[in-house]
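Residues annotated as domain 'Ig-like' in TrEMBL: 132-219, 375-462. Positions annotated as signal peptide by TrEMBL: 1-23. Annotated transmembrane segment per TrEMBL: 231-252, 475-493, in sequence order.
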Amino acid sequence: MTTLQYLGISVLFIIDLLGAVNAEVNTLTGREGQSVTLHPGLTGLQADKIFWFFGPVIPNTSIVESQLIRGENITEFKGRFREKLQLDRETGSLTIRNLTLNNSGVYQLDIFNTHKTSQRFYLTVYAPVPLPQVKKIPEGDFLDSSSEKGSCSVVCSVENRRDMTLSWYRGEKRLNQTSSPDLSTNLSLPLEIKLQDNNIYSCVAANPVSNQTTKLNIETLCLQFVDPNRITIVVIVLGIGLMLFIVICCIWKRKYIKDLLGAVNAEVNTLTGREGQSVTLHPGLTGLQADKIFWFFGPVIPNTSIVESQLIRGENITEFKGRFREKLQLDRETGSLTIRNLTLNNSGVYQLDIFNTHKTSQRFYLTVYAPVPLPQVKKIPEGDFLDSSSEKGSCSVVCSVENRRDMTLSWYRGEKRLNQTSSPDLSTNLSLPLEIKLQDNNIYSCVAANPVSNQTTKLNIETLCLQFGESDPNLITIVVIVLGIGLMLFIVICCIWKRKYIKGCCVSTSGSPEEEDSVV
């Protein structure tokens, strides 16, 4: 899976988190040092209570509490930036002055009157972009080998910041653009132009709230003495930078995914299931008396309702939804959900929401595996085994099996594992070779396994290895000699018999006239 795919999944996941409550979501941007007002779009508001909450991902910290107590409005500002807050009680609007990057996050407005209404605001505060710098690239340092004579190579650079882009323009037309999620490295964008080009070129750094432009002065930058060739140094520096970038991206990706999984106030449980069997998602509750019990499902984000159980006028009304609703069973006293006759498509994230005096949530990550197939053991013909150190009097075999998710293939001698292999590429079979001596009396077995099942095939040395011509390496030589001697004896006997036969025929022919004379 590529970095873009991971980023796409992460964005969808955050959107799902923000939409997890029945609250309208508004997206705003602000510039560092300025002010922003979160408008709920209300007027003439006469509410008993107005509460504002804030959090980087989940708005779980109270920052404003305004209550009407005995006809008096009592408003209290809380949190580390309470001095910058201002509340308009007639509209519910919240103004934040002198914005900083730490003010980015999710804000939630809860209004209590005859009933509760909520709105959410996702605020992103950006720093103003710095002015990009344009410099000439010395001849030989530009990596494009097709660079023409009479041209000039320049590079535009700027300190990278959140959601920033760096672009080259020719007049009003954008030529190219770059951006990077790695804020530890500057953004750089090269450009090659002809010295006779009279167009106006400009480099623009921009984010959602500001931009800065630096125009290219061809005469000042390009019509100067050309520096010596330093391509080797550039290649080394770029190589080191690329390695550092890859390491930073890997660390950032793992940390980012971990933070996302822990972003919600919901317990996460990991389960496995076997195709064709059943599994029960236990929230660990008993004697549950809830107004509403909802279950949601999704391959990555649980955004599809599959169970809705509500207590309406004293009657429990439960509705199963989705493509596998026939396989679902709900225990309303515990909130447990049972899924029968599992298939691989049942793998994914399940979320339980229980509504009573307050809402509680739990998440379950279920992975369904197919039972592993039986591995096959075959002999490797002599000469096909890649290990050139293979000894005489030994036998080479290979164990193979159709690859499946999270499957391993191992060779065991008795209870001891000798080696193991696995592969994320499910389009190719798993194979594992083994070389054993013909006189070895140990029990060898090949085991294919995944988290829910395993299959074992025992190695039968006598059947596979002790066949004709293999019990003794010199036997084939002896057989050839014996056959050769036998063939020679057969030829000699045939020659003797032939000579004797011819001689007998000649004797019988010469004796016939004498017999005729004696008769006369």
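Using N, Cα and C of the backbone, Cβ positions are placed for all residues, glycine too.
Averaged across the domain 'Ig-like' (375-462), pLDDT in this predicted model comes to 87. Secondary structure counts, DSSP: the domain 'Ig-like' (375-462) has 2 helix, 45 strand, 41 coil. DSSP states for the domain 'Ig-like' (132-219), grouped as helix (H, G, I), strand (E, B) and coil, give 2 helix, 45 strand, 41 coil.
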